[in-house]
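Notes to accompany the following structure.
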Amino acid sequence: MTALVLGALLLTAPARAQESGATTPAAATTPTDTASQAATASPATASPATAPPAGVSSRVDLGPDGRLDASDVLSAADRAIPVSPLSPAPVGSPRQTFASFRALAQDAIGALLEAFDVAANDDEILDSREVLRLKQQAIRNLDRAGSTFDLSEVPPVNRATVALRSVLLLEEIMDRIPVPDLTAIPDEAEVEAGDAPNGWTIPGTEIRMVRLKGPDGEPVFLFSSDTVQRLPAFYAEVQDMPQKSADKVDFYQHFVAAPGLSMPVSIYRFVINFPSWLLATYEEQAVWQWIALVVLTALFGGIVYAAVRWERHRVQSLNAVRRSLSRLWLPIAVVILLGLYDRALDDFVNLTGDVLAIEELVVEALQAVALAFIAVFAFNALAAMIITSPRIGQESLDASLIRLVMRVLGLTVAGYIVFVGATRLGVPLYGVIAGLGVGGLAIALAVRPTLENFIGGIILYADRPVKVGDFCKFGDMLGTVEMIGLRSTKIRALDRTQVTVQNADFAQMSITNYTRRDSNLMQSTIGLRYETTPEQLSAIIEALAAMLRADERVDDKTVRVCFRGFGNYALNVEIWAYVRSADWGQFLKIQEDLFLKVMRIVAEEGSAFAIPAQTTYLGTDQPPGRPVGAQVALLSSGEGAGGTGAAVSAVGST
């Protein structure tokens, strides 16, 4: 954000350069780390600036180069800080903080003035290397000046914006109010002596520095968060007061209407020539910036809307894996577009103030949501690719568990992304998380049935009593398992109806899995006619056993053929053997072939199968005048013990 708004500094450069006499690059001062100089220079090497009188002055004295040089008024302790471009701004005492802020701000302005002078002598449209170097130096010093503020109450995503705005506002305020001499501000020795136990306030103002604990445990003094929040109001109160600087230019107002520093200096000149109505400001934004905001927002929204419509039509013709992967590109595109949108408004259009803060919050929130969707879709796509393996059924419990694990991982990563994003937005989530413990019991009770079914699904996965495609018996029902989910199991019954059983109930049932059989039992009892002789019966039994043992489809170790006893109408012979086939349909075909062989063996041995026969005696009363007699009829259904297979009846009278 720092780079965005510094273009405003260059808009004031002609007036400032004319006032200071810096009309050529040679005349312009070379930017140095003035804050570090102020903390390290000795009186022998200090600029020959006139020491300010004691008390309160209208402005901190500047050296011949037009920038702050406070080395002759800092204490030895303040000067004992190493000089380095990477060193943080000295803030160990109110004097160090005050001097660091003024020196860094003035040094940044000087660097930008020099950059403008260099660019004015070039005919190039783009910035030269020297101009870019000076811009970067100004950005670095303004960032360091922003480190003198306590931004702990500002959302992290807005801190760079608020810091830059605060630097410019406070510089304008100090250019209009009396400021104390550096010697009147407590230094480190006075801080250790207890002169500034809690902080220090600029006399006659409510601009306050507070004492905080630095990263190394040492005390630091920063402009308070309350001061940061009230700087716009302070600026509004002193805006009409006369300025003490020579250029008499309201730096902040130029900053508001300028494009970002990422734009070449030639663009600044172009903006200066805009009609006055385009440069008029409303809510800290120029009219041309409002127009750019509306146009870019409409363009971004239109691109996203068109992408969503195109995606909906495209995914309908894709398979599961491609559909899962295709869902990734839209949130990825949204993240990229949001980054470009924010960069355009921040670095080029140079939105400022509350409008920029709101834009940054919205972009950060949308990017966090889009990244969360990317995490969820990425893990779903990974699950889809794993499930495509031939070893994993699409509707199996393995597939359901893989989907669950990937979904949980995706939601976990998404939750972390949302948490980080919300933290950057300044949302106090730790209190919300702590409050979840109170409502956790109520939530657990509410989701108890779901948890029971989920645990039942885990039990089914661990025990694996069934899998998709298994024919099983559960309770008093028979059916084929079609889908095993994390909440329920779907079974296709014999009448083709679909039965859904909750996993919590299904896991507690007695389940008979017919598909898991390694073989099928062939068991049958045949009845031979009573006319069969013992020799024939023995030959039939031996032939049947030999036939079964010789068949490779039958487990020869399980073959058993024996005479079981005398039935009501037949000699009972039991056949027992296991067929080497787990498939029920194939087993039935094998059993059919074996039964036909049994019939041939019985016929070859001269015997036959007995059929149940029934003898019925019928009696009638004779009418008067006729002799009393009896009528007997033998009715046979099929072949009896010694019949021929035809129905026979005999009627007689006595």
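A Cβ is built for glycine as well, from the same backbone N, Cα and C atoms used for every other residue.
Annotations in TrEMBL come from automatic prediction, not curation.
Straight from TrEMBL, the features:
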- 17-69: region 'Disordered' (REGION)
- 22-54: compositional bias 'Low complexity' (COMPBIAS)
- 287-308: transmembrane segment (TRANSMEM)
- 328-345: transmembrane segment (TRANSMEM)
- 365-388: transmembrane segment (TRANSMEM)
- 400-421: transmembrane segment (TRANSMEM)
- 427-447: transmembrane segment (TRANSMEM)
- 451-516: domain 'Mechanosensitive ion channel MscS' (DOMAIN)
- 525-608: domain 'Mechanosensitive ion channel MscS C-terminal' (DOMAIN)
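Summarised by DSSP class, the composition of the domain 'Mechanosensitive ion channel MscS' (451-516) is 17 helix, 26 strand, 23 coil. Within its own chain, the transmembrane segment (365-388) is flanked in space by residues 320-321, 323-325, 327-328, 331-332, 334-335, 338-339, 394, 399, 402-403, 405-407, 409-411, 413-415, 417-418, 420-422, 424-425, which lie at least six positions past its ends and keep a Cβ under 8 Å from the stretch.
Residue counts of the domain 'Mechanosensitive ion channel MscS C-terminal' (525-608) by helix, strand and coil are 41 helix, 21 strand, 22 coil (DSSP-based).
For the domain 'Mechanosensitive ion channel MscS' (451-516), the model's pLDDT averages out at 83.
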